[in-house]
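Residues or ranges marked as region 'Disordered' in TrEMBL: 414-436. The annotation transmembrane segment is assigned in TrEMBL to 33-52, 64-85, 140-161, 224-244, 266-284, 296-315, 321-343, 355-377, 383-406.
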Amino acid sequence: RRRLAQSLFALFASSLAISLVFAIIPLCHDVLVLAVVMAVAGLAMGCIDTISNMQLVKIYQKDSAIFLQALHFFVGFGALLSPLIADPFLSDTNCILSNGTANASSNLPHIRKSLVPHHPGNLSHYDLPMKGMVVTRVSYAFWIMALINLPVPIAVFFLLYKERMVPCFNGSSHPLLSADELALETRPGDKDELPAAGHRPHAAAGHTDLFSCCQSQNFRGASYTYFAVHVTGALVLFMTDGIVGEYSGFVYSYAVEEPLAVVHKVAGYLPSLFWGFITLGRLISIPVSYRMKPATMVFINVVGVLITFLLLLIFSSSVVFLFVGTASLGLFLSSTFPSMLAYTEDILQYKGCATTVLVTGAGIGEMVLQLLVGSIIHDRGSYSFLVCGMIFGCLAFTFYSLLVFFHRMYPKPSPELDEASPDKAAVPEDTGQYQR
């Protein structure tokens, strides 16, 4: 119960911090202050991502795939909805107008064209005013997002209050659910009351808290396949989440360049199409994950990404297929993260550190691969954008094959040991609950 309270307090603080950050961003007039504020937002979002995934896995275990798909559907839905909220407040001209820039808006398409990474062009003849009348209303978009997010910390605090986890307000409230209906984490002292004679598996404490993965005693006696499953699972998400980041970030730049030369306004629909089909794919994956194993879903996703990039390379001069391929790529990438998380945790019998390791690997991949692809496009041209995606897809498939190989080699618990373990005595097999 104490650890559940810690997780909820961390969710409350992180979600409240995001609302505060969105409210503060329009008031930042120094790039250093803005960088610090954005760093705080990234830290808060990382905490929410890790804790929410970890808690769902701990509570539902073998049934967690459905709930993870639902969780990531709302992640994609938020990514799709946010630009739509901001769009009415964006200016069609320069954000700052001076007396000498009355016709500045007519230069914007040419400036955008010149800012494509591998053709920086000569911007000295464009007058970009730094002082003048501010005409943008984008601040309202940030404040609206801050208000939209505000019910989240309020709801988490209400849950803390109803579960009597707020020290100052724990006298008269009644819990929303009984201890039996919550996870075993809300039950007092089951683990502490168990006999000390039994020897627990080496990784039984893998989900006790966010930092348990860093404790060396959890690795004693672990086989190499235990580490290999963590590493290969993280590398698969390093590649697939990296593809999500680099494709959504550079597909616009690729589309407006030769040989496609798509109109800027039409090319602007590509990132929205990509995120729209990611959201649609996650919605479809909720009922599909009920009937299909996570390993099968990951295989379909990785192979689908590989085939899509291959076809995009073959039909690289077709604008129509660029839109079709973008939609297809969004569908195949949509459920990769939650399916891989459920699959890896299932291999480790929910006693490893897979959630923390996989979330970290996915975040690093999304950051690193964008920087890598950006520098390659700068040197090699826009076509290298698809070549990089193909290479990343091949690597994702390779790491997935290694994960399946290590899965087959990973030692399965014997029925005798499983029945004799303290965990088994405390947790019915089909309750979907977990032992702390």
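One is the number of the first residue shown, and numbering goes on along the chain from there.
Here the Cβ of each residue, glycine as well, is placed from N, Cα and C on the backbone.
Counting Cβ pairs closer than 8 Å and at least 6 residues apart in sequence, the transmembrane segment (296-315) and the transmembrane segment (383-406) reach three or more and so form a contact.
Contact check: the transmembrane segment (383-406) against the transmembrane segment (140-161) gives fewer than three Cβ pairs closer than 8 Å, residues 6 or more apart, which falls short of the contact criterion. Taking Cβ pairs closer than 8 Å, the transmembrane segment (266-284) reaches residues 69, 72-73, 75-77, 79-80, 83, 244, 247-248, 251-252, 255-256, 322-323, 326-335, 338 in its own chain, all 6 or more past its ends. In terms of C-beta pairs under 8 Å, the stretch of 33-52, 64-85, 140-161 lying closest in packing to the transmembrane segment (355-377) is 33-52.
Counting same-chain residues at least six beyond the ends of the transmembrane segment (33-52), those with a Cβ under 8 angstroms from any Cβ of the stretch are 7, 10-11, 13-15, 17-18, 21-22, 24-25, 71, 210, 355-356, 359-360, 363.
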